[in-house]
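Chemist: Please find one structure pasted underneath; my questions will follow.
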């Protein structure tokens, strides 16, 4: 490779620049920007081998070319966005759109698409003819399959001009709503009863007083002989057949049987009930009628007045009503001592003593408890039946019984400053005192009745009470 040696001008510039650098380094002076540019150009020229004259010519050519470009530039009228859209749309789709537009324009110009009214009518007629020709023809029917005309003959039953023999009032009279002949007068003139109606009424009364033999036998078999009180007060056994056959028909305007004189208070005469039942149907307008066998059987089956029996109890001798009330009381008292109620019932907590007890009479004064019962012994039994309530028994009087929550009773006790004293007076003084507190007046309605305990359970409860008292006395 041939190495080109630098010229005298290049060596001078290089030497000058090295001298400047040495001067700047030795003195610490600052070179200007123009001087730095010249130094850099000299270095580039020295490396490329160009002279200063060539550099000047290149600069002149560069400036002249820039001027010519600026003079030759003219704005074009081409829409760049339209050209870009054309480039984005493929050529196939553009041809299809153009063809559609062209076909639409041709269709609008075609007279077949928009025909005249005459041509349109002809086209409609031609379509109808073509549809009729395309329909399949019906098959020819043979002689057997032909329709045969049938002329129906209607026969109407003739309407009879004869009036019905039974009148309208007769039907309503059978139902118990119509008027009977001879009982009422219309326009001041009494209607006489015919022989036919009299015989009919007589037969009805006989049927009602004398039931059938089979029915009487059934009554004798089921009920047997009955005691009938006589006028002298003696009881005479008599069967239902005799009493029904020998019963006289007494007329009674009120519809009730005549009162009995002497004899048993609860003795009852079956014939009297039959008479009252019969005459009540005869004399009243809408009473029970005896023309139907159903009512006749009811009259024969009527029983006497019911005696006052005691309250029915179960086999163990326990009244179920008291058991239900005790269950309600137990659930209500358990709610009073529940955590849910103690969180919000401050009135109940204010009446607790140091051990958490509350007088049972205080709970008995609540309206909810009074709606169930006011018996303290029943309340005591309800508390003992609960698993949540603890009972403190005081043998002096049932009014001093106290109850509390069995478990976790200590957190609910309030300080002594916020407590309320429950002054419980003796039971007789509550009713006699005129000036009493509202709480004492609510307790005045309490009753102390002996507990309802069956004989079989009485001994067991007494043993439990004695053992509890002995345990407390020993402690």
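Positions of Cβ are set from backbone N, Cα and C atoms, glycine also.
Note that this is a predicted model, so its numbers are computed, not measured.
Quick paste of what Swiss-Prot says about this protein:
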- 59-72: compositional bias 'Basic and acidic residues' (COMPBIAS)
- 119-134: compositional bias 'Basic and acidic residues' (COMPBIAS)
- 150-159: compositional bias 'Polar residues' (COMPBIAS)
- 220-242: compositional bias 'Polar residues' (COMPBIAS)
- 243-263: compositional bias 'Low complexity' (COMPBIAS)
- 277-289: compositional bias 'Basic residues' (COMPBIAS)
- 319-408: domain 'HTH La-type RNA-binding' (DOMAIN)
- 408: phosphothreonine (MOD_RES)
- 410: phosphoserine (MOD_RES)
- 42-292: region 'Disordered' (REGION)
Chemist: Using DSSP, how many residues of the compositional bias 'Basic and acidic residues' (119-134) fall into helix, strand and coil, respectively?
Modeler: 16 helix, 0 strand, 0 coil
Chemist: Which residues of the same chain, at least 6 positions away in sequence, have a Cβ lying under 8 Å from the Cβ of the residue listed as 'phosphothreonine'?
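Modeler: Non-local contacts for the residue listed as 'phosphothreonine': none found.
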Chemist: So what's the average pLDDT for the domain 'HTH La-type RNA-binding' (319-408)?
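Modeler: Summing pLDDT over the domain 'HTH La-type RNA-binding' (319-408) and dividing by its length gives 84.
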Chemist: Using DSSP, tally how many residues of the compositional bias 'Polar residues' (150-159) sit in helix, strand and coil.
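Modeler: Per DSSP, the residues of the compositional bias 'Polar residues' (150-159) fall into 0 helix, 0 strand, 10 coil.
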Chemist: Could you tell me how many residues in the domain 'HTH La-type RNA-binding' (319-408) are helical, how many are strand and how many are coil under DSSP?
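Modeler: Per DSSP, the residues of the domain 'HTH La-type RNA-binding' (319-408) fall into 49 helix, 11 strand, 30 coil.
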Chemist: By a simple count, how many Cβ atoms lie within 10 Å of the Cβ of the residue listed as 'phosphoserine', its own Cβ left out?
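Modeler: That number is 9.
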